[in-house]
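Enquirer: Marked as Fe cation 1 binding site by TrEMBL: GLU50, GLU89, HIS92, GLU191. Sequence annotations record features per position, and here TrEMBL assigns Fe cation 2 binding site to GLU89, GLU140, GLU191, HIS194. TrEMBL lists 108-127 with the feature transmembrane segment.
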Amino acid sequence: MGDIPKVDLSIHHRPQGFSDRIAFGFTKALRFCADTFFAKRYGHRAIVLETVAAVPGMVGATINHLKCLRRMCDDRNWIRTLMEEAENERMHLMTFIKVAQPTVFERLVILGVQWVFYLAFFALYLVSAKTAHRVVGYFEEEAVISYTMYLKELDEGRSPNVAAPDIAKHYWKLRQEATLRDVVLVVRADEAHHRDVNHGFADELSGAADPDAVIAPYPDHADDIRMAA
Ligand SMILES: [Fe+2]
Ligand SMILES: [Fe+2]
């Protein structure tokens, strides 16, 4: 089993300028909706929100791919990074679906939200890719907070710390006896990495890239995810 990277929970990008404030306000509004809807049902919350979290990477990859084709320019590895992010978020979903089952109502919410969020995020990315990446950076900050709360729930015995699903043990190369707690730790580390990457992309697009910016280490993932299905 590889080491689970430590996560710096204090990281927060202070909104600077109009676009950051819009991104931050939008994220906080969605956080309020999620908190109201799910309360402490963290397994269900993870499933529904991971279906949303897997969208931006694919949108960003598509739009950057098309831009590079039109301009015949290099993508600075953004496309693969974003596609990998989408795949990683989908693996979060495939993992949590082994832990909890969404209700029929939640499945309907997922359908509706996917239509609205995909189209809205696509439009936002076309209008301002910088704001779109900032939104994802803030989403990921919230994801780190939510998974930290999930850990507390497990540690204090309010949710059972069941065995890690096989798919998770394969994908994150966890030890055989790994538990849900180990899974939440590696998922949170993934989210922290996405947080820093997306804030970094937003900084780069605003011409204010910080050469000393630290990116949270990414946990080790299996190359062949078919084995995990
Ligand atoms: Fe995720
Ligand atoms: Fe994420």
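Placement of Cβ uses the backbone N, Cα and C atoms for every residue, glycine included.
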Enquirer: Excluding GLU89, GLU140, GLU191, HIS194, which residues of the same chain place their Cβ within 8 Å of the centroid of the Cβ atoms of the recorded Fe cation 2 site?
Expert: ALA53, GLU85, ASN88, VAL136, PHE139, ALA143, ASP190, ALA192, HIS193, ARG195, ASN198
Enquirer: Can you grab the distance from HIS92 (Fe cation 1 binding site) over to GLU140 (Fe cation 2 binding site)? Cα atoms, rounded to a whole Å.
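Expert: GLU140 (Fe cation 2 binding site) has its Cα 13 Å from the Cα of HIS92 (Fe cation 1 binding site).
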Enquirer: In whole Å, how far does the CA atom of GLU140 (Fe cation 2 binding site) lie from that of GLU50 (Fe cation 1 binding site)?
Expert: 11
Enquirer: How big is the gap, in Å, between the Cα of HIS194 (Fe cation 2 binding site) and that of GLU50 (Fe cation 1 binding site), rounded to a whole number?
Expert: 13
Enquirer: For GLU50 (Fe cation 1 binding site), what is the secondary structure by DSSP, using just helix, strand and coil?
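Expert: SS state of GLU50 (Fe cation 1 binding site) = helix.
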Enquirer: With the cut-off set at 10 Å between Cβ atoms, which of these binding-site residues ends up with the most neighbours? Options: HIS92, HIS194.
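Expert: Going through HIS92, HIS194 one by one, the largest Cβ count within 10 Å is at HIS194.
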Enquirer: What is the Cβ neighbour count of GLU140 (Fe cation 2 binding site) at a 10 Å cut-off, with all protein chains included?
Expert: 26
Enquirer: Please state whether DSSP places GLU140 (Fe cation 2 binding site) in a helix, a strand or coil.
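Expert: In the DSSP reduction, GLU140 (Fe cation 2 binding site) maps to helix.
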Enquirer: Counting only residues 6+ apart in the same chain, whose Cβ is under 8 Å from the Cβ of GLU89 (Fe cation 1 binding site)?
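Expert: Listed in sequence order, they are GLU50, ALA53, ALA54, GLY57, HIS194.
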Enquirer: Provide the number of Cβ atoms within 10 Å of the Cβ of GLU191 (Fe cation 1 binding site), excluding the reference atom itself.
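Expert: A count of 24.
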Enquirer: Quick one: give me the count of other CB atoms within 10 A of the CB of GLU50 (Fe cation 1 binding site).
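Expert: That number is 22.
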Enquirer: Quick one: which residues besides GLU50, GLU89, HIS92, GLU191 have a Cβ within 8 Å of the Fe cation 1 site's Cβ centroid, in sequence order?
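Expert: Filtered neighbour residues, in order: ALA46, LEU49, ALA53, ALA54, ASN88, ARG90, MET91, LEU93, ALA143, VAL187, ASP190.
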